[in-house]
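Student: Sharing a structure, written as structure tokens. Questions coming.
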Amino acid sequence: MHIAVILRLNPVLTDELELTEGGKDIDREWIGFELNPMDDQALEQSVLLKEAHGAKVTAIAAEAEGGERLLRTALARGVDDVLLISNKKDDDAPPPSSRARTPLLVEAIKQVKPDLVITGILSTDDLYGELAPQLAACLNWPQASAVSDVRLDGMVLTVRQEYAGGMAALIEMDLPAVIGLQTAASPPRYVAGSKLRDLLNTKVPEMEASAEFAEDLSEATTLNLPDTSGGAEMIEGDAKSVAARIHEILMERGLV
Amino acid sequence: MRALIFVEHSNGVVSENAFEMLLLAKSIGAECHGLICTGDAGAAQALGTQLTGFDAVSAVADPTVGHYNPEAVLIALKAAVETQAPDVVMTSYSTAGVDLAAGLAVRSERPMLGYVTDLELNSGGLSATSQVYGGKLTAKTDLPLPAVTTVMPGARKAGSLSGAAPAVTMLKPDLSGARTRVREIITPDNSSGVNLGNADMIFCVGRALGGTEKLPLAEALAAALKAELAGSRPVIDAGWLPKIRQVGKSGTKVKPKLYLMAGVSGAPEHLEGMESSELIIAINSDEQAPIFRKAHYGTACDMFQLIPALTERLNSGNS
């Protein structure tokens, strides 16, 4: 059993987002980036499957910056191999979307030849389509998103797919398949800084993809900071005075 | 302009999101076709009678799609697209919508746009507004047609249109190649006694809580309020609270008299589960957090100072 897990970097959304001139991208100069939280779940689930079934796990990323660090983290978390796809896009252009990256990732998957591909159900910037269903469509493999449990039995995969209102279904798929993971069976594991430091000099293998980025609608998109007028009435002050005001609001409404 | 709307349903009832998409499609003057996938012709007809306001309805009735099957339904949707040649395909931003829209876009070589909150006509096609980066930014996109979209729940207020429901036309795509099978349907386990859907007051904590060591603070405030304690998805994913306490798209949809929240950014997936609450008070140190656009009251006060202060205030005020 060979599992490929696809990892992406996302901006840290608790940071303040600013736009570049013209609104074609967020200003990436001072903002932090982190492993997409959904891909973090996918990484954990892949390692859990390795531990349960003896599967081999290869982590794949297609990041122009930060990809090596991302993949070293994956090694520290327990994956067996990593592969970084060289990202040839113009340095000044925004990072390619999930849609744009799909052909390059498909090429890498065909090289790695996994039985199962796992990635996060979404990334906060995949405006032009989530990655898992696009990979599956290109590979002509079955796919399920919003997955929270993954069980393997030979070449048959059973996943729990989550729906609104706490409903779910157990869905069986023939491998090879792609899943968009929402939640791993257990929370992502902690990795000690010393383990990461030990991997600092580990060479991350790279592949030069021959595929081109797919077209998306990024040229036709302009980003905007939302209009905040008409939003919440903000309560200012120290904790004690804010608590007093909230208490007053609750009393006015007969809630306490 | 023709729109094909993928109609979701549960327990024989058409989902509200189908009517939200209908109203959005009608706002751009589209002729609205609905597609139902269900297990038998009788169920298809029964669902079809609910689709007042649609101009045409087609259905795939096959045991393979008796319950939602991502692969088989994608085959059915693609067949409907090939038959009806819609200018825009609309799915809701739901599990099925995420499964179907991007896959359909690749297979039908159409552009795709997600998280859509509004559509307007422009000279070359449509202008679409979307949410991106967890709702912190909006995106305006010139959408060439034909295209595929996922539409955010609440993009329009659901309401049925007058008129008779159209007759249902049956489609018979070949679903025999599906490598995906639905084995079991799982309903929510309510044996714990927790029922967020019926709660009058909810205190919800988000990722900023930081870990289980801070849970006693939150539990004390929930107790002082006589509120149910709930968590956003990252809190549940991290194992800090059990799944039964999750509010949001993949948790419980709630409509309490009070929804007090701390450290929850207000991603669209969370808003979907709580935005109908009667009173929303949000505590978040990030003044750009999208929750402040939905909340009635907000504060950027440090939650770890405010939570104990509010607990103390409530306890002294209640005694």
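Each Cβ is built from the backbone N, Cα and C atoms, and glycine gets one as well.
Dumping what TrEMBL says about this protein:
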BINDING   B:ARG207, B:232-233, B:246-250, B:263-270, B:ASN284  FAD binding site
DOMAIN    B:3-184  domain 'Electron transfer flavoprotein alpha/beta-subunit N-terminal'
Student: Find, among the binding-site residues listed as B:ARG207, B:LYS249, B:HIS270, the one whose Cβ has the highest number of other Cβ atoms within 10 Å in the structure shown.
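Tutor: Output for this query is B:HIS270.
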Student: Taking every protein chain in this structure into account, which of the binding-site residues B:VAL264, B:ALA267 has the most other Cβ atoms within 10 Å of its Cβ?
Tutor: B:VAL264
Student: Hey, which of our binding-site residues B:LYS249, B:VAL264, B:HIS270 end up with a Cβ under 8 Å from chain A?
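Tutor: Filtering B:LYS249, B:VAL264, B:HIS270 for a Cβ under 8 Å from chain A leaves B:LYS249.
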Student: Just jot down the residues in the same chain as B:GLN246 (FAD binding site), at least 6 apart in sequence, with C-beta under 8 A of its C-beta; none if empty.
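Tutor: Once residues fewer than 6 apart are set aside, B:GLN246 (FAD binding site) is near B:ALA230, B:GLY231, B:SER232, B:ARG233, B:VAL235, B:ILE236, B:THR252.
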